[in-house]
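Q: Please find one structure pasted underneath; my questions will follow.
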Amino acid sequence: MGNEVPRASSFQMLMLLLLLLLLRAERLRGAELTFELPDNAKQCFHEEVEQGVKFSLDYQVITGGHYDVDCYVEDPMGNIIYRETKKQYDSFTYKTEVKGVYRFCFSNEFSTFSHKTVYFDFQVGDEPPILPDMGNRVTALTQMESACVTIHEALKTVIDSQTHYRLREAQDRARAEDLNSRVSYWSVGETIALFVVSFSQVLLLKSFFTEKRPINRAVHS
């Protein structure tokens, strides 16, 4: 009986830490957004970042055209610190030199009819340590603390994997729907062409078996 109470208390503490780690992992994902980018259009986003802070940008085109987009990032002085054209996906990490509003834009201006769907994940700063004074402590982690760190890393891996598979599933579904539409249109076109050819052959065969009777006209002197 005496050992069951500490075990129950330790189990409750571990479950509480797991819940906090789960909420923390979700909160530390940063700004994620999936948006529509019309043809011949540009969409920009702004974020104020302190000096000496690292930020990262990951993006991927989910649907539309050749699954490509133009992207560039500007610092507060208007200088281009990143530019790529017609990229399907990419990642960019940068440590700021000045404080101010940084702007990153996605452009579909090179396309005149392809509508795009773009996903991006924008994160600012380094992830804080899971445990207080974790970077400065000289003692070894306890078994529970080590378990929490391991679980936290596993949760991060799970979240990243879920995001990857979610984007991949959305992209594959869009391609399948586009292929299905093309097959449907092609089938309708073949049906119409087959009907026209069949009708023409019937008329041609009918003309072969139609007797042409001479027309007698009276000649008046």
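From the backbone N, Cα and C atoms, a Cβ is placed for every residue, glycine too.
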Q: Where Swiss-Prot marks dimethylated arginine, which residue is it, choosing among Arg27, Arg103?
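A: Per Swiss-Prot, dimethylated arginine applies to Arg103.
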Q: If you look at how Swiss-Prot annotates this chain, which of 82-95, 124-137, 208-221 comes out as motif 'COPI vesicle coat-binding'?
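A: It is 208-221 that Swiss-Prot annotates as motif 'COPI vesicle coat-binding'.
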Q: Taking the Cβ of Arg103 (dimethylated arginine) as centre, how many other Cβ atoms lie within 10 Å?
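A: Other Cβ atoms within 10 Å of Arg103 (dimethylated arginine): 15.
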